[in-house]
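Participant: In case it's useful when we look at the structure, here is the feature table from TrEMBL:
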- 46-131: domain 'Ig-like' (DOMAIN)
- 136-225: domain 'Ig-like' (DOMAIN)
- 242-325: domain 'Ig-like' (DOMAIN)
- 330-414: domain 'Ig-like' (DOMAIN)
- 420-507: domain 'Ig-like' (DOMAIN)
- 512-606: domain 'Ig-like' (DOMAIN)
- 613-711: domain 'Fibronectin type-III' (DOMAIN)
- 716-813: domain 'Fibronectin type-III' (DOMAIN)
- 818-914: domain 'Fibronectin type-III' (DOMAIN)
- 697-722: region 'Disordered' (REGION)
- 898-921: region 'Disordered' (REGION)
- 1-29: signal peptide (SIGNAL)
Amino acid sequence: MLTMGTPAGRKSHLLMLAAVALVSTPAWSSAWGSPATFGPVFEDQPLGLLFPEESTEEKVTLACRARASPPATYRWKMNGTEMKLEPGSRHQLVGGNLVIMNPTKAQDAGVYQCLASNPVGTVVSREAVLRFGFLQEFSKEERDPVKTHEGWGVMLPCNPPAHYPGLSYRWLLNEFPNFIPTDGRHFVSQTTGNLYIARTNASDLGNYSCLATSHMDFSTKSVFSKFAQLNLAAEDTRLFAPSIKARFPAETYALVGQQVTLECFAFGNPVPRIKWRKVDGSLSPQWATAEPTLQIPSVGFEDEGTYECEAENSKGRDTVQGRIIVQAQPEWLKVISDMEADIGSNLHWECAAAGKPRPTVRWLRDGDPLASQARVEVLAGDLRFSKLSLEDSGMYQCVAENKHGTIYASAELAVQALAPDFRLNPVRRLIPAARGGEIVIPCQPRAAPKAVVLWSKGTEILVNSSRVTVTPDGTLIIRNISRSDEGKYTCFAENFMGKANSTGILSVRDATKITLAPSSADINLGDNLTLQCHASHDPTMDLTFIWTLDDFPIDFDKPGGHYRRASVKETVGDLTILNAQLRHGGKYTCMAQTVVDSASKEATVLVRGPPGPPGGVVVRDIGDTTVQLSWSRGFDNHSPIAKYTLQARTLPAGKWKQVRTNPANIEGNAETAQVLGLTPWMDYEFRVLASNILGTGEPSGPSSNIRTKEAAPSVAPSGLRGGGGAPGELIVNWTPMSREYQNGDGFGYLLSFRRQGSTSWQTARVPGADAQYFVYSNESVRPYTPFEVKIRSYNHRGDGPESLTAIVYSAEEEPRVAPTKVWAKGVSSSEMNVTWEPVRQDMNGILLGYEIRYWKAGDKEAAADRVRTAGLDTSALVTGLHHNTEYHVTVRAYNRAGTGPASPSANATTVKPPPRRPPGNISWTFSSSSLSIKWDPVVPLRNESAVTGYKMLYQNDLHPTPTLHLTSKNWIEIAVPEDIGHALVQIRTTGPGGDGVPAEVHIVRNGGTSMMVENSAVCPVPHPGTVLCHSVATLILIGYLEL
């Protein structure tokens, strides 16, 4: 029988402690259903403020707000002393904010901190500094003139008035807003305000004023100095070496993230050029500058070092060096967090901060300094408690500080003292277990300090045995379970605050067993496989099958996955693998599981496939056309490697190609081979592929880049040709050789040429792989002389093979002979025909054709139009002329060098234009097989050409292609099929001036004679062969109509 009694006196003592615990630790009252209690947590803390002394603002507000339950109350400290915030004083507390009315520097400048408190504890805010900014006026005294020689450098001091904080500076010349430009000759130091002029000239004469501007949080103020006159004496034209006048400090301190500006400016003639460099490292490209200032926008520790400014001109150089020292405010590396701890337990809190200089760390408890004492050890960032008591509860802060700032980390410590309580975590009411299996029943009451635990079955207290174990944390374990283990199990928990118990009922079920286990299998890549798994189980429970591969669960729902469940029966959990991949090989475990137990069996699946990628490809023994390649053996994926294949690619963007090797066939046990047939002086990468009976595997990773050794060129240049150029020149062209044929550095071309028939060769060396022509110039070279030419390439390693000999002609000259017997005649109103006697081929070149030049009588020959023949024709039709106009015509022969002398000019006059009126009064008559058409003759006017005949274009509905008919009379008869329904007819004049305007008629067969009684509509037709225009006015036709 288990008894857990307590004497009456002890019970009353425990009740008193429990009451104390409930009062002292309200943070844990939420467990009992009352509102949560927690210490202050800052949501808004004061920020430093710069207040202008001349501001019209009547108050300053420093913010402070903390989240707390119960709500926090607030106090403030100034310079470490608590402030008296009385009603009606200049300092008011509004919520948690501190409002300072009519602030003044004498009374209110300083360091402020907010303290937020509630019954749990107190926390202190970060420090906020209230500063007062000001900018006084410049001195009213007149400034002395500054005198120097023109050509010298000069500095005009700004001498700014008293101020806080820093200022920005600009300079005026003579009047506002004529500001001095920022250029290589002028420089305004933003450190001192001084104006520097590297070399003065006449434009610098004048009166100068310094403008200083103060930028504060919410105001800007600018003041001007008195003008100072700059006078220049006679010009000194001598040149001066640079002399640096504006120098940055030997040491510049900066905080991480700040902008750093170094200034450097020099006098000199010519105006010096400024360059910057980092002496002990490289200067970041975005900071590289030739300006007088070097700016690092957000400095980091990597920017620390020595920087040098160099001023240089043609007469010399000057340098200055200085060091940037980067420091940092404290920054947390590790912070404390809220902690629950049992009464009587130990606690270790740790915080750590980075910064430069290294921060010191101190601790606060409820806003007051905490030092080592009984049970409490404080050592820098470590805080240790032994045997915690209720009095240790409260708000704690870790404070890290260096000369650049202070940071605070806050946390609440709640010490618990609670009697055991099962309400949040009782023993399970119903505990199923499998026969022959094991059951674990935890007992986890809430208690502080930790409770002592006992277990009972019914009225029997359980003790450890071969089957029953109660662990130190109170967990009950029963092994090899049988039906006799069924019953009620009770956990009893007790500490000095009280006791409690919780009961559950154990129910024993049939064990789950695997009745058909999966079998190991050996398959090839891409095969399908089904692994069987059947089980029996207690019928009162659900059975679930879980499959794992190498102890990782298989996801059957993965889109595009390879796994499927092979059956929907509850006792069948077969697994099917579709299109097996190499990654599907391994140990498969089938687990049949119920809520009380599980059973599992394993099987091994071996997936054979092509080999994996070889590794560690190394290139050595690099020659001009060969290398030795080595690699390490990859996975054979359960099928022996039969052979290796080597591939190479040229850089930067070549494709992988198989290469010749020695041995030609690389067996599967090899790990090295020689690569043959490479191109000299070429960048390569190599890779290796392994193959077995199942295929070729993935390639290895590429080797490191290598370049083969140089060799003399092995291929002759191609595309040898030439010609053209100026008189006395021989131009030879060829196709530049690409990188793969150059075989080495120092590449160029060696050209050999000689006049055809001579015996001695001349040579010319043309450096550069991109060269593609050579010009040989000599006055003795006659026009269009054949030369024998051949070419070879060369590099540092020697000469390559020579090309075949090609024939290239020297430059041609214009033809020397003019055409003769030029004759021209106008053949229409816009055309004339020109003929001439041909010119004999001469030694100056190959005739390409003739150029006809023509111009109107009365115009100058310089205004002539030109037309060229495409070959050696001796006649040409010139078109696009003006009608009834006289033209002068000359003919010249031309070749590639240009045109020869002009022939004597000939004259021709174009014909008058054709009549503009179309034929009128058109009538027609149909017979069974013919159509007769008549019209009035067209009589030309004085300014029109004669009519020699008429053209008729005829089209019927049976044959859409029109036919052309000619007649010299004013009528025509044509044969037509009997079954035509209608036709379109166009009639126009023709003569020396060309074709006239057409008349168009739509004819319908009506069994009689018809006549056009309206004027014909005119339809311009661009060519006699075009289809008749249908967008014409409708014609009224009169005939014998059958009604």
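Along the chain as shown, residues are numbered 1 onward.
Yeah, the Cβs are placed from backbone N, Cα and C, and that goes for glycine too.
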Participant: Which range wins on Cβ pairs under 8 Å with the domain 'Ig-like' (420-507): 46-131, 136-225, 330-414, 818-914?
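Facilitator: The stretch I would name here is 330-414.
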Participant: When you scan the chain for residues with a C-beta under 8 Å from the region 'Disordered' (898-921), skipping those not six or more beyond its ends, what do you find?
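Facilitator: 814-820, 822-832, 834, 836, 839, 851, 853, 857, 881-892, 935-941, 943-945, 947, 950, 970, 987-999, 1011-1012, 1015-1016, 1018.
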Participant: With the domain 'Ig-like' (46-131) as the reference, find which of 242-325, 330-414, 512-606 contributes the most Cβ pairs under 8 Å.
Facilitator: 330-414
Participant: Take every residue in the domain 'Fibronectin type-III' (716-813), average their pLDDT values, and give the whole-number result.
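Facilitator: Result for the domain 'Fibronectin type-III' (716-813): average pLDDT 94.
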Participant: Using DSSP, how many residues in the region 'Disordered' (697-722) fall into helix, strand and coil?
Facilitator: 0 helix, 7 strand, 19 coil
